[in-house]
Each structure stands twice: as C-alpha cells, then as structure tokens.
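**Student:** Have a look at this one before I ask anything.
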C-alpha cells in the first residue's frame, strides 16, 4: 500500500514521491514555454540563415554560369574571326599559292593535338575502325572540298564579301531540307533567305575588287558546305551504329575528318602540282611564315573546342545568333586590316547582308520555338 502522510507545517501531500504544487507546475509550464519560444526563434533564425545561404549559393552559381557563357562566347568569336583573318593573311598577305598544302598542314596539327589530348585522358574519342572509316569517307570527301574551295575563294575575295556570299549556303540548305527531309519553313525564314540573295547579288555587282575566279570558287563552296550539312545528318545515325559506344562526339568527328583528309590532301597536292611551287617558294625558309601557318592550325582546332564549349554553356539558339552577329566585326576588320577598296553602295550591300543573316537567325529561333 502507498503510505499517505500529512505534514502539518506546509500541508503537502506525500504519495511515495513528493507531488508538485500548482505554483511549481505553473512555473515549470512558463519555463518550458520560454524554452519552446527560444527554440522557435532559433529555428526561425536558422531557417533565415539557411535561406540566405541558399540565395548566396544560387547567386554565385548564376554569376559563374554567366561568366562561363560570356567567356566561352568571347573565345568562340575570337577564334572564328582570327581563323579567317589569319588564313586571308597567309594566302593574300604572304601571297602563298598552295591552299591545299595550307589545309593539309592545319589538319595535321589538329590530328596531333587531339591524339595527344586523348592519350593523356583529357578528352574521350571513338577509336577509328574500318567500318567507321567506310561510312564516313563520302562525308570526308565533301569536307575536304569545302575547306579547299574556301581557301581558293578567300585568296581572291575580300573577307567581308566572303562573309556575305556564305549566306547563300543557308538558301541551298533550306531548299535541300525541303526536298530531302520534307521540312517546311515559315514566311519569315524565306523572307530572310530572299534578303540574303539580294545582298549577295548587289554586293557582287558593287564590289570594286570583283574577281570572277574567286566568286566561282565561293559559289562551289556554298554548294559543298550545304551538301556537307545535309549529308552529315544522314551519315551521323549510321556512323553511331558502327561505333563501340553508340555515340560520336565532336572530338571523334574532328579526328576522323582531319585524319582521313591527310591522304586525300597529299594526293591533291600532286594533282594540282603544288609540289613544284613548294620547292621553289622562299616562304618556307622564313620562320615568321611557319609561325603564322602553325597559328592558323591551332586556331582551326580552337574553333572546334570553343564552339563546343559555347554551345554547352548556352544553347543552339544563342550559338546561332552570336555566329550571325560575329560576322559584323569580322567584315569590318577584314576591310580595315587589308585596306579593301570599297564604295558606299558596296558597304551598304555588305551591311544589308549581315543584317539579313541576323534576321535569318531570329526567324529560325522563332520557327524552332513554334515547332
């Protein structure tokens, strides 16, 4: 039995253990309430701190992404502009009459660098197999033709007109997509393409340094570039099926294209009889000429790397728009650096063509959004 005892002095009931008084219970309740309030305040403060921390982390990430996008965009623009200007300097400034040899040397540098980076484990690439080579060979023939005609036209035409004439490639590609892939474009795209044709024709008519051979090579280049783009879409799916990983990244394509171009380039050097010129030209004995040639090879590879980096940081839409806008400073630099004789009509045609390129990029963006 539990003993019940009364203590007269304080009248406290003892039931085995001393029971709490109402006053003590109220005090305890008050103290516990204070503790809960303190805990709530601490939780609120911790929550605010956590939110502030998350906001800071998110803002830092956003700034980092913006910086990466800006840096990659600048690198892409710089490398693509520099490549064309350096090629123009080699072919016209040094008056180097061996465009095939220049292409061969640039592609050889690309093969060496990609192979070194791959052996160091810095990049991943697909191994070259006979099955892959047989699938890719038709595309590579077009690729080599595209590079060579670009070299030949750039020797005779100024940079600004080459940039405007390259817009014709978009027209040929759009027509090819319509017939080969049953792809239909909206009225804005066709309007932009029409403006490109008008600017190319008016630019050619008003070109004070017009050269028929250069324009002929550039027209062929437009057809080959469009053919490369259209053929690549068909071959890519087949090529992926014959690779070990089932994929074909940018580095694999760079190595594949440049490696296969080497034997074809050597053959074309003998066909076009560039060997005799290489034996007699004094340019190959000048260290500064080799330095510029090597720089052009590095820039050619830099375009592949920076375009991939920029595309990863932004997206196809921004990449396309920046590529169109990039032609404007390139054209201005080409006119200024190489002291190209021009007229108000020709300058207006060039500017009109560049704006047509930007309009085309915007129209493609809207078309892609709607689809």
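Cβ coordinates come from backbone N, Cα and C, glycine included.
All TrEMBL annotations are machine predictions without curation.
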**Student:** Checking feature assignment: transmembrane segment per TrEMBL, candidates 155-173, 212-230. Which range matches?
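**Tutor:** Going through 155-173, 212-230 one by one, TrEMBL flags 212-230 as transmembrane segment.
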**Student:** For the annotation transmembrane segment in TrEMBL, which listed range does it cover: 231-250, 251-270?
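**Tutor:** Within the set 231-250, 251-270, TrEMBL attaches transmembrane segment to 251-270.
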**Student:** May I ask for the residues of the chain that lie six or more residues beyond the transmembrane segment (290-311) and have a Cβ under 8 Å from a Cβ within it?
**Tutor:** 69, 72-73, 75-76, 78-80, 82-83, 86-87, 89-90, 94, 102, 105-110, 113-114, 250-251, 254, 284, 319, 322
**Student:** Taking contact to mean 3 or more CB pairs closer than 8 A (sequence separation of 6 or more), are the transmembrane segment (318-338) and the transmembrane segment (188-206) in contact?
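**Tutor:** Not in contact, no.
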**Student:** Which stretch from 103-123, 135-154, 212-230 shares the most C-beta pairs under 8 Å with the transmembrane segment (69-91)?
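**Tutor:** Answer is 135-154, with the largest number of Cβ pairs below 8 Å.
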